[in-house]
Amino acid sequence: MRQSRRIGAVRQGRRIGTVRRDGRSGAVEPDAGIGPVKAGGRIGAVRRSGRSGRIDRSGRIGTGKPGGRSAFAGALVALTALLGVSLIAAVGLGPVAIPFPDVARILLEAGAGAPAGPRQVIVLDIRLPRVLLGAVVGAGLATVGAILQAVLRNPLADPYIIGASSGASLGAVLVMLAGVYPFGALSLPLSAFLGAMAAFALVLGLSRSGGHLAPGRLILAGVAVAALTEAVTSYIVLTTPEKEVRSALFWTLGGLSGTQWRDVGIPALVVLAAAAWAITRASRLNALVLGDEGATSLGVEVNRLRLRMIVVSALVIGTVVAVSGGIGFVALMVPHAVRLVAGGDNRRLIPLSALTGALLLVWVDVGARMLNRPDEIPIGVITAVLGSPFFLMLLVRDGRRGLP
Amino acid sequence: MKLEVENVSWLGVLRGVSLTALPGEVVGLIGPNGSGKSSLLRCVYRRIRPDDGRVLLDGADVWRTPAREVARQVAVVAQDTPADLDETVEHVVALGRIPHLGALGRLSAAEVALIAETMERCDVAALARRPVATLSGGERQRVQLARALVQRPRLLVLDEPTNHLDLRHQVELLRLIRTLGVTVVVTLHDLQLAAAACDRLVVLDAGRVVADGSAAEVVTEKLLREVYQVHAEVAPGADGLPRLFLPLGRAPAASPPL
């Protein structure tokens with residue numbers, strides 16, 4: 001926790017040095033201290049300089065970070081455009097390279113019922129669903145990370161903490177072990193989803209205290225449940241016949257290979273709906289920085305908000321993990337990276353994290369299928385390789401700057 | 001806004017507390033540690049639900065009113081707000097508008113101006129860009145007050161607002177709350193300050209109201225002896241308010257320095 005506190009402090013460090021202290025009144029102008037109070041008396045009425053110009057009308061206030069609404073809108077547009085271009089570029093990259101203009105043309109002609117050649121099949125049936133699912137999964141993971149970090153007031157919160165990720169792996173692995181697939185091709189995603197929900201329900205049940213959900217208990221329960229389910233998963237994977245070990249590993253490390261169109265729809269809807277809902281709750285999430293007491297006094301029903309946010313997060317994670325396996329670090333890393341640049345205001349953090357997460361995972365998936373051809377690298381391996389140095393970098397920067 | 005607390009009990013901490021604050025009245029809540037002051041305030045701002053009794057704001061039960069609606073009427077400066085916030089002062093002050101915000105949470109120009117003006121008023125405008133974690137205790141307290149005032153409440157609830165404040169800021173805070181024209185319920189430990197700042201004092205002891213009236217009626221040698229177990233001298237000052245003298249009982253033969 002101590003180091004997590006410090007990670008949070010990193011983003012502030014830059015500004016600390018620029019603060020002007022000259023406006024401090026009391027000690028500087030002793031003559032005016034406790035004089036008769038004017039109408040509408042103010043605390044420290046001594047300052048005459050009228051420094052109210054510090055807040056501009058661009059809505060800079062309440063952002064927690066310089067940069068007005070236009071900067072935020074610009075970032076949204078830029079990230080969306082970048083994501084659009086990346087989707088097309090990523091569709092072109094793979095064992096068979098297809099130039100960017102050709103991909104764009106094939107996509108445009110797809111609606112017009114153009115004849116299907118091999119390149120059309122690769123673009124439309126193999127790569128596009130995979131790339132889109134990557135974007136959906138990345139957006140979902142990053143959104144959930146931002147939500148959980150706000151709701152649990154813990155910068156280290158991520159889907160593993162609510163048990164959903166490891167539960168999904170166990171659910172999928174159990175079905176593989178039983179070798180019974182009652183729902184055909186949907187059996188694995190469904191069992192992963194059910195596993196996620198079961199583990200989450202266990203964590204939720206354990207984290208109740210006095211009828212309310214206690215963030216501290218939730219984290220402890222989540223760590224314990226995750227450790228247990230991961231141990232069981234590992235045991236099953238190690239004792240499963242050789243051939244199936246690889247597909248079981250997929251659930252623990254994540255991957256998007258073999259994605260088909262039917263895998264994309266439900267996760268996309270769930271992630272979009274959850275992100276939109278979370279954005280409408282973002283200012284209430286902001287209130288949580290004042291603690292449960294302070295947020296309550298701002299009209300936020302803390303326990304209800306926390307429970308709903310966590311349940312929605314678990315649904316998103318269950319849905320996403322069911323199609324992509326457990327991809328680590330994205331949920332943890334993306335919100336932190338966005339916070340460094342855009343500040344901690346959840347009204348901005350959530351949409352920007354969703355877009356950044358989508359962008360990141362699209363490119364990580366390109367790496368997964370390009371770096372070790374013809375084999376694929378599990379996505380979770382790449383995100384961990386990227387994520388660990390990222391955190392070390394945060395720590396080093398933080399250590400250099402320190403706090404006053 | 002009229003506040004009525006009717007016979008409120010909670011977990012044995014509060015045992016049938018009743019009090020009323022009339023519109024515009026500044027009511028001081030005093031009493032020893034653990035007498036139930038903060039718990040009573042928590043019942044008022046909907047943090048804890050009384051086992052028995054009701055809290056009414058202009059006649060409406062707070063537990064039958066949506067939380068957000070209550071927060072538009074009631075602002076709180078609680079004790080022990082988180083001190084280690086990375087958020088800047090202006091960010092935290094702006095949080096006070098949350099009960100009034102729409103779904104997208106955008107502040108209007110008028111709200112931005114209100115926030116700036118309130119930070120000036122509470123002497124924190126110069127700290128606007130500082131992370132709250134870098135402030136002193138008194139500065140943080142003023143930030144919380146600014147946040148509460150930005151809520152534009154009709155009832156202001158203050159739990160030990162003078163904690164951490166230096167003498168000048170204590171005096172200015174208590175003056176400020178009197179100029180707001182809203183109903184105020186404030187807990188204070190300094191009886192002399194409470195007597196000067198409040199229209200009426202209510203004394204809690206072990207979860208019960210043991211006195212309710214003007215400062216001169218309430219702050220008496222008898223009350224100090226019975227409620228606080230302190231033998232103090234109380235004499236009326238020139239302004240009619242009670243003055244306290246607290247003999248610390250120095251022994252004539254000073255013990256040798258350690």
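Cβ atoms are placed via backbone N, Cα and C, with glycine included.
Quick look at what TrEMBL lists:
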TRANSMEM  A:71-98  transmembrane segment
TRANSMEM  A:131-152  transmembrane segment
TRANSMEM  A:159-180  transmembrane segment
TRANSMEM  A:186-206  transmembrane segment
TRANSMEM  A:218-238  transmembrane segment
TRANSMEM  A:310-337  transmembrane segment
TRANSMEM  A:349-371  transmembrane segment
TRANSMEM  A:377-396  transmembrane segment
Same-chain residue ranges lying at least 6 outside the transmembrane segment (A:186-206) that approach it to Cβ under 8 Å:
162-172, 174-176, 180, 213, 217-218, 221-222, 224-226, 229, 251, 263, 310-311, 314-315, 317-319, 321-323, 325
Need a quick answer: max count of Cβ pairs under 8 Å to the transmembrane segment (A:349-371), which of A:71-98, A:131-152, A:159-180, A:310-337, A:377-396 is it?
A:131-152
Where else in the chain does the transmembrane segment (A:131-152) make close Cβ contacts, counting only residues six or more beyond its ends and a cut-off under 8 Å?
83, 87, 90-91, 158-159, 161-162, 215, 218-219, 256, 259, 263-264, 267-268, 270-271, 274-275, 278, 285-286, 288, 305-306, 309-310, 312-313, 316-317, 319-320, 323-324, 327, 330-335, 338, 346, 349-350, 353-362, 364-365
